[in-house]
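Shown next, in structure tokens, is the structure this report addresses.
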Amino acid sequence: MLPEGFTEKYQQLLGAEAEPFLASFQNQGYKGFRINPLKPNPQAVNLDLTQPVPMTQWGYYGAVNGRQVDHQAGYVYSQEPSAMLVGAVAAPKPGERVLDLCAAPGGKTTHLAGFMQQQGLLVANEIMPKRAKILAENVERFGIENAVITNETPARLAKKFVGYFDRILVDAPCSGEGMFRKDPGAKQYWTPDYPAACAQRQREILTETLKMLRPGGELIYSTCTFSPEEDEQIIAWLLQQYPLSVVPIARQAGMSAGRPEWADGNPELAGTLRLFPHLFNGEGHFMAKLRLADGPVVAANKTKKQRKHAAPALTKEQQSLWQDFAKTMLPTTSFGHLLVHRDHLFAQPLAVELKGLKVVRPGLPLGEFKRNRFEPAYALALTLTAAPQQLDLTTAQYVKYVHGETFTTDAAGKGWYLLRYQNKSVGFGKLTGTTMKNFFPKGLRFVADVAE
Ligand SMILES: C[S@@+](CC[C@H](N)C(=O)[O-])C[C@H]1O[C@@H](n2cnc3c(N)ncnc32)[C@H](O)[C@@H]1O
């Protein structure tokens, strides 16, 4: 059942089209997934790749099994098909400075990273601590090297990153009307006043966002709701408040233009994109792309520019432990800016000043210094395609590994091994004699489903 007031609202807005629109809520939704272009042979997955999602380079219709190696090794991300168009519209270029402001659980972040090809800086932020942790796990799984993950409010980020980003995605918290079919729980919050309350929060978020966008940069705004208050009316407000212009989004069959008449009539609004579930094989979504005019940075007086950043140096001992590991285990030893935080070693793609911010991960985790040894991070393993010392696991060994068990092997060497299964890097192990010690992260252990 749809919430009271919802049906009447859309009957009024959509007229004759309301009937098929409302009827679509009775149908089953669509499942989708994206393959990961950051991995070698991204197509090498045990999934059907015959039904691509239109306009998305790496998106397909179908369901992912979270207990199989394709998921564990970060070859796939399960994502609702309409949501994939947001990343496709944002399409950052390698080398850009990109902010994904409302990023958890990471559907768009992982998509943006695919475009960036490990080059430039991707700051993925999430305000809710628990969700930020899930975001970090997905970034890790996807093997993303150039991401910094923060757990901040937009206002606090805006103080640090004045006019800094080339591209910002605001996948805004919204009334979620487009998810009523996929997630019936989303209906419970809806009242006729809810969209206006969400719109107020969206304007607050966007006010901070604009301070962080460089002149000439692009803002991508998206919601998973149909409500004009949170969609066209937000874009109309942005166009009134700031020197922004709409970059029209190309449409394919089943995709609809934004409705200027649902806001202030500004014809530019027709360049935004709507996805309706009765016209497109996916859930409800709205997205817009806006360009900030060249000129001064939009910023409040009290904000500070990013300062030159001196990363905390490694001690001599740390340097030698890291170099010993890198020399024997890594194909390259150039990892951007190295920094140590509480005995953990990270590589930052660009030197970024994060002092005072709640940081979940300041760059790619490389490992941890423990007494007189270095223990490599799981995240590092998932970025590697090969290592001088590596072992192809049998199915039985893989099952044991992701379950957290040791296993025996007759491999000849000793010490760290990059473990691989079905040609995918799945983690690190450490060989002593014939026993491979398990370094699969405790919190991620699972019972693998290896039945094909
Ligand atoms: C639509 S979801 C993001 C989905 C994500 N982009 C993805 O593709 O996986 C919106 C996010 O905004 C966060 N959020 C809620 N209130 C916020 C606020 N005031 N400022 C910034 N983010 C907020 C929510 O916790 C939520 O994770």
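For all residues, glycine too, the Cβ spot is worked out from N, Cα and C.
Nobody curates TrEMBL annotations by hand; they come from automatic prediction.
Secondary structure at Cys224 (active site, nucleophile), taken from DSSP and collapsed to helix, strand or coil, is coil. The active site, nucleophile feature in TrEMBL is assigned to Cys224.
On its own chain, Ala104 (S-adenosyl-L-methionine binding site) has Glu126, Met128, Arg131, Ala132, Ile134, Leu135 as residues at least 6 apart in sequence with a Cβ closer than 8 Å to its own Cβ. The S-adenosyl-L-methionine binding site annotation in TrEMBL covers Cys102, Ala103, Ala104, Pro105, Gly106, Gly107, Lys108, Glu126, Asp171.
Minimal Cβ crowding within 10 Å, among the recorded positions Cys102, Cys224, is found at Cys102. A straight line from the CA of Cys224 (active site, nucleophile) to the CA of Asp171 (S-adenosyl-L-methionine binding site) spans 9 Å.
Long-range neighbours of Gly106 (S-adenosyl-L-methionine binding site) (same chain, six or more residues apart, CB within less than 8 Å of its CB): Tyr77, Ala124, Ile134, Leu135, Asn138, Val139, Phe142. A C-beta separation below 8 Å, combined with a sequence spacing of at least six in one chain, links Asp171 (S-adenosyl-L-methionine binding site) to Val86, Asp100, Leu101, Cys102, Ala103, Lys108, Ser222, Thr223.
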